[in-house]
Every structure is written in structure tokens, then in C-alpha cells.
Amino acid sequence: MGDQDQKQDKQKIKTTRLIILILSALLLFGNNYSFDNPQALQSQIMEEVHISLTEFNYLYSFFSFPNILLTLIGGYFIDRIGSRKSILIFASLVTVSQTIIAFGGKYQSFHLMLFGRVFLGIASENLIISQNVIITAWFKGHQLSTASGCIVTLPEIAAALNSYFSPMIYDYTGSITYPLFTSVFVCIFSLLCAILLLFFDKTREQILQQEKLEKSNISSNDESHDTLNDSQQITQNTLHTERARLQEIREFPALYWYLTAICSLCLGIYISFMDDVSDYYQKKFQFKPVEAGKFITIPYIFSALLCPFIGYYIDKVGHRRFFLMITSFLFIIAQILFGSVHVASNEKWIAAIPLIIQGLAFTCYSCVMIPCVQYIVDQKYMGTAFGILGMFESIALCFFPIIASKIVESADDLQTGYKNMSLFYSILGLFSLFLCITLYHYESSNKLDFIDPNNPLPEEIRKLNEYSMITEEKCSISEEK
């Protein structure tokens, strides 16, 4: 009977983790759909609201500018009040902000849209931090890349649906009002998912404590080691009992700052380029708005399909420093192709190639770069760590779009302008690759290559030790004979 109860408890834990995973993904569904609303309606917004390319990119720069400081404050705030309350607050603010943006589009008020984007940015970035804190608590250790890869799937599908349907809704209605208000309803759906997530997350400490007791019975040799690690995990995951202090920032390892710089450059390249990709394909490749919208779904769908598998693979093999270099290299290749590819009217499929590589690069970013943070920062400081990361990413997302639009508008023609823009992003990618190579040689056995951070040995050393033990046993047997 005891064994039967234990099996039921294990199944309950697995079911709860699965529900947490799905709800965490749906939590960002409305967020991602709303964030990319302007991108899917770029030419339509510019025409209907009467703004230039630079003014259009203000919708993204104003989204990111407040977060240069507020994500740091938000991360500290999340550590203070807990991720549950934070999720409810910020998910509600995302819905309200998108409603303001929709009314700005309805009344063709660019300033009202900017006002809404500012608050959407504050709410969105801190919602992502809150979600990351919960995920690292539930999937701390060797499951995190898998969990991160699965969570990316649904938000990327949301971005793809926005790129696909928003231009179609506009063509059907003839106004940006309807696709913008469609986004509001999607945000309301995600808010309901947030409420459900909070309900299931209340069982976190109880479940983790139960797992601790189960692991402590595995073997007498591993009992003390596992109990120590699990006790540390339970303590770290109880966010309300241990409070982060801002002065602890100075104790973050150099590895964290390398990772922060790399993440900021890579996300800045991806998001800033995707902000203008609709107009890019319409002007450079002569695509129609709906046609461009369909092509733009490629990187989102590609990421959604591959992230779970890439995350699972990385959890199995480790070697994250190597995959960091691969990620930066893929961003460079994608931007070179964007700038150099020429598409004939009967060969438009060629324009999908750089988008596929772009999607693969973002897949690696989601499954490698972001999970790396939890391997080098204590759980009790996770909100602050993600807040600092968000601050530097916001700097990139604030200034990269403005610089890119200035590059385009300063060129003699749009073709040259967009080619120069791709060159600008390629240079940023090279700088990111340089940092990855530097990080690779920074410490030959750093924690990023560990398969399981609770086991302090890389896979190669573990195998070598196993081989040595087998060899010693064989030698002892031979001596006895």
C-alpha cells in the first residue's frame, strides 16, 4: 500500500510539473502576441497614423527604454514580494497596457500608442522575469534547458499567429483597430492562465520537500550528498524566507557579466531586426503585406518546433560554452544572408533561408543562453540577476532599432539602407562571437559545461573516474587470482 501511495505521489508531481510548464508558456502567449503587433502591421501603422520609420521604431525603443533601470528594480521587487504576486500584477498590467495601445490605434493617436508601449514594456519584461524565477524553482538543475525549450514553444507560436493573422484582419476590416483589439483579448486569456498558474504554484514547497525525502532513500552512499543538495534547493526555492540584497550584486561572478553582454547583443540583434522585418521584406524583396506576414512566421514556427528538442539535447550533453559560440555564429550568418540575398519574383522561397537560420539562432539563444543564468547565480538572487540581464537587454533594444532606422533613412535608397542595416547587425554579431570565444577560454572547467549542477563533475571527468574505478577493480581481481 505504501508503494502504491508513493507511485501516486510521483505521478501527481509529474502532472503538476507538466501543468506548471504549460501554464508558464501560456502566461507569455498574450505578451508575445502584443509585443509583435506593430511589427506585423508596420506599413499599415506608418500609413494610418502618419509616421516615419524612425518614429515607428520609437514604439519599440519606448517599450525598452524604461526597463534600463526598472527591470533591475523589478527584479529586486520580485525577490521581495515573491514571483506569484508579481505575476498577477504584471500580467494585469500587460492587459491594461495593450488596451491603451488599441485605443491609440483606434483614434490614430501616436502619443497614446507610445504611452501604452511604455507601460507594456515595464509590465512585459518584469512578467518574463517573474516567470523565469518560477521555472528555475520548479526545474532547477539538469532539466532547465528542456523546460526552457518547451516554454518557448507557445509564445513563439503566438508571435507567428500575430504575424500571420494581423495583416489578414487588417485587409478584411481596413483598420488597425481590429487587430490591435484582438491582441487585448489574447492578453485576457493569458491573464486567466496566470491566475491558474498561481494556484498550482502554491504546492511548490510541499512537492520539493517530498522529492527531497524520496531522493534521500535512494542509497546510503548518496544520501548525505543528495540531502544536502536538495535541502539547499528547498531553501533557495522558498523565496519568501530569504531576501535578496542589492549589495549582493558585487558578488556575482565574472561569468555572469560575460553572459549578460552576450545575451544582450544576441537578443538585440534578433528582436531589433524582427521589429522591421515586415517593411524589410516589402521594400527589399517586393513582398505584399500579407505575403510578408506569412514569411515572417518562419523563425517563430521554427523556434517553436525545435526548442523542446534542442533544450533536451543540451541538457543531455552539456557543453554550453560551445553552443554559445554557435548561437552568435548563426546570428552573423543570418544577417549576412539578409543583406546579400537577391530574390526574383519566381524564386521567393530563397527569402525563407535567412529566416530559418534566424529562427535556429533564436532557438539556441532560448535553450542555451537564458538557462545558463541559473547555473551561476543562487536561486534567492534569481530575480535580481534576471533584472540586471533585462536592464542590459533593454539598453540594446532601446538603441539598436533607432540606430538601424537612421542607417536605413540616411542611405541613398532603401535597398542600400537595408543592406547597411544587416551589416550593422553582423558587426554586433561578431562582437558577440568574440565575447563567446573569450568566455570559452575564461575558465576551462566552468559550470556552464556541467550536465547537472548538483553533480560537480563534467561528463568527461565522470566517465574517466568510472573507467579508473573499473580498472582498479580488474587489477585487484587479477592480484587476488
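Backbone N, Cα and C define each Cβ position, glycine as well.
Heads up, TrEMBL stuff is auto-annotated, nobody curated it.
Pulled from TrEMBL:
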- 18-446: domain 'Major facilitator superfamily (MFS) profile' (DOMAIN)
- 58-78: transmembrane segment (TRANSMEM)
- 87-105: transmembrane segment (TRANSMEM)
- 117-139: transmembrane segment (TRANSMEM)
- 176-200: transmembrane segment (TRANSMEM)
- 255-273: transmembrane segment (TRANSMEM)
- 293-315: transmembrane segment (TRANSMEM)
- 322-343: transmembrane segment (TRANSMEM)
- 349-373: transmembrane segment (TRANSMEM)
- 385-403: transmembrane segment (TRANSMEM)
- 423-442: transmembrane segment (TRANSMEM)
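Ranked by Cβ pairs under 8 Å to the transmembrane segment (322-343), the stretches 117-139, 293-315, 423-442 are led by 423-442.
Taking every recorded stretch in 87-105, 117-139, 255-273, 349-373, 423-442 and counting its Cβ pairs under 8 Å to the transmembrane segment (176-200), the highest total belongs to 87-105. In the predicted model, residues of the domain 'Major facilitator superfamily (MFS) profile' (18-446) average a pLDDT of 81. Most Cβ pairs under 8 Å to the transmembrane segment (385-403), among the stretches 58-78, 117-139, 349-373, 423-442, belong to 58-78. The stretch in closest packing with the transmembrane segment (117-139), judged by the count of Cβ pairs under 8 Å and taken from 58-78, 349-373, 423-442, is 58-78. Same-chain residues lying 6+ beyond the ends of the transmembrane segment (349-373) with a Cβ under 8 Å from its Cβ atoms: 132, 144-145, 148-149, 152, 256, 259, 262-263, 266-267, 270, 273-274, 281, 285, 287, 295-296, 298-303, 306-307, 310-311, 314, 320, 323-324, 326-327, 330-331, 333-335, 337-338, 341, 343, 382, 385-386, 389, 448.
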